[in-house]
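The following features are taken from Swiss-Prot:
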type	residues	note
MOD_RES	ALA2	N-acetylalanine
DOMAIN	28-71	domain 'CHCH'
DISULFID	CYS31-CYS63	disulfide bond
MOTIF	31-41	motif 'Cx9C motif 1'
DISULFID	CYS41-CYS53	disulfide bond
MOTIF	53-63	motif 'Cx9C motif 2'
Amino acid sequence: MALDPSEQHLRHVEKDVLIPKIMREKARERCSEQVQDFTKCCKDSGVLMVVKCRKENSALKDCLTSYYKDPAFYEECKMEYLKEREEFRRTGIPTKKRLQKLPTSM
């Protein structure tokens, strides 16, 4: 059974696992300042990080949650996923491998 590369239907695993994974990655990039602050606090605090890093943890959670709840952000990530899936269905090469196999000139 050949799959239509441009088909827009999403399977359960795509909606509930793969697209949220892209959302997490992109949200972490966009909240990089809060991620860095929280990471630094945890490294500096050691065992007491649970108590000492509450402010940084709250700021990070607020930033990430704002993206997770944004319907436009979900649509952006969904379209990115559909584009990658379409490319995979046309070429048979996963995105990560395609990016790794780019020729380098020296």
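Using the three backbone atoms N, Cα and C, a Cβ is placed for every residue, glycine included.
On the structure: features taken from Swiss-Prot.
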{"residue": "CYS31", "record": "disulfide bond", "CB count, 10 Å": "21"}
{"residue": "CYS41", "record": "disulfide bond", "CB count, 10 Å": "17"}
{"residue": "CYS53", "record": "disulfide bond", "CB count, 10 Å": "21"}
{"residue": "CYS63", "record": "disulfide bond", "CB count, 10 Å": "18"}
Over the span of the motif 'Cx9C motif 2' (53-63), count residues by DSSP class, listing helix, strand and coil in order. 10 helix, 0 strand, 1 coil
C-alpha of CYS63 (disulfide bond) to C-alpha of CYS41 (disulfide bond): distance in Å? 17
Roughly how many angstrom lie between the C-alpha atoms of CYS53 (disulfide bond) and CYS31 (disulfide bond)? 16
Just to verify a number: CA distance, CYS31 (disulfide bond) to CYS41 (disulfide bond), in angstrom, no decimals. 16
Pop the mean pLDDT for the motif 'Cx9C motif 1' (31-41) in here, whole number is fine. 96
Using DSSP, what is the helix/strand/coil residue split across the motif 'Cx9C motif 1' (31-41)? 10 helix, 0 strand, 1 coil
